[in-house]
Amino acid sequence: MTQNKQSSSLGIWWIALGAAMWGLDGVFIVSLLHNLTSSQIVWLEHVLLFFFAFPVLLRKRHELKQLKLNDWLAVLFIGWGGSALASVLFTAGFTYGNPNVVLILQKIQPLFAVLLATLILKERLQKNYWNLFIAALIGAYLLTFGLHIPSAAENTSQLIGSLFAIGAAALWGGSTVMGKHLAGKVSFTTLTALRFAVALPLLTVMVLAQHPDWQSMGKALSLAPVWSNLLFQTLVPSLISLLLYYHGLDGVKASHATIAELAFPATGLLLNWLILHQTIDLGQWIGFTIVWLAVLQLSRMNTKPDKSVQSFESSSLHHADLASK
């Protein structure tokens, strides 16, 4: 039991590290949006990521044979919802809204993930979790508004940007639960590859439906700052971060993983301040501290699931063992 607890605590930090890398995305997306649309950016990233996904899926195709219909539906949700639509909505949010607001709104992911984890994975939350959850929400509020009362007067552009960000948060929160469902059935590299490969066809259709100017896109990609930026986003905030994230997800409850994911907007806000020189006030610093303390406390919690979850995970590991033989 002690070993399982230590493994779970380490897994939470892998998740937090991977999520922190997602925070790098916002800093570089802003400059890319001057040359490409949000759909084109996400599509180009997935085209590059497919060069990782294809050989992985080819080499580990035996793992795919054990997946059932409900597992493939989970893969579809992760690929289409979490990787394609959520990424497009998140990127589009930077076009309409304040980058800091778009990042901070990702803190509502636990609201969606906890609900789905309770309904789908039958996770039973400990009393301490809700205290931690409330503390994280307080930190999220302070990160968003500081010590000031938010104004009710929001223009249409800001509203659209916020709605896009909320939509991305809902899809990513759901993807956490679906990823947890699959974590014991396939390896974390296979799960990462599936996410990218399944998303690419939908993204291709989305880009083609917009009738893109291929000449302008090619001209943009001929610029060194554009393709180097795109390559960095593909390798670090997308590929490496997700490998770390899915590596840590196995053995960690989905409801706990969503709190660890708050490292994503917290890091993004800090980088916006350091690189884009977007100021952060005392109240936001307090919120930033609360979020990181919540992640620290979460790693120390007893993450032992209830019997229903233990049964689910034991069954998943059994299937994985059979597939590897």
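Glycine is no exception: its Cβ is also placed from the backbone N, Cα and C atoms.
A TrEMBL annotation is a machine prediction, not a hand-curated record.
For reference, TrEMBL has these:
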{"type": "DOMAIN", "residues": "10-144", "note": "domain 'EamA'"}
{"type": "DOMAIN", "residues": "160-297", "note": "domain 'EamA'"}
{"type": "TRANSMEM", "residues": "12-34", "note": "transmembrane segment"}
{"type": "TRANSMEM", "residues": "40-58", "note": "transmembrane segment"}
{"type": "TRANSMEM", "residues": "70-95", "note": "transmembrane segment"}
{"type": "TRANSMEM", "residues": "101-121", "note": "transmembrane segment"}
{"type": "TRANSMEM", "residues": "128-147", "note": "transmembrane segment"}
{"type": "TRANSMEM", "residues": "159-179", "note": "transmembrane segment"}
{"type": "TRANSMEM", "residues": "191-210", "note": "transmembrane segment"}
{"type": "TRANSMEM", "residues": "230-246", "note": "transmembrane segment"}
{"type": "TRANSMEM", "residues": "258-276", "note": "transmembrane segment"}
{"type": "TRANSMEM", "residues": "282-299", "note": "transmembrane segment"}
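Secondary structure counts, DSSP: the domain 'EamA' (10-144) has 116 helix, 0 strand, 19 coil. Put simply, of 12-34, 40-58, 101-121, 128-147, 191-210, the stretch with the most CB pairs closer than 8 A to the transmembrane segment (70-95) is 191-210.
For the domain 'EamA' (10-144), the mean pLDDT of the prediction comes to 84.
Taking residue pairs at least 6 apart in sequence, the transmembrane segment (128-147) and the transmembrane segment (12-34) share fewer than three C-beta contacts under 8 angstroms. The transmembrane segment (128-147) and the transmembrane segment (101-121) are in contact, since at least 3 Cβ pairs between them lie under 8 Å (pairs 6 or more apart in sequence). Within the same chain, residues 29, 32-33, 64, 83-84, 87-88, 91, 189-190, 192-194, 196-197, 199-200, 203-204, 206-207, 212, 217, 221, 230-231, 233-234, 238-239 sit at least 6 positions outside the transmembrane segment (40-58) and bring their C-beta atoms closer than 8 Å to a C-beta of that stretch. For the domain 'EamA' (160-297), the number of residues in each DSSP class (helix H, G, I; strand E, B; coil) is 115 helix, 0 strand, 23 coil.
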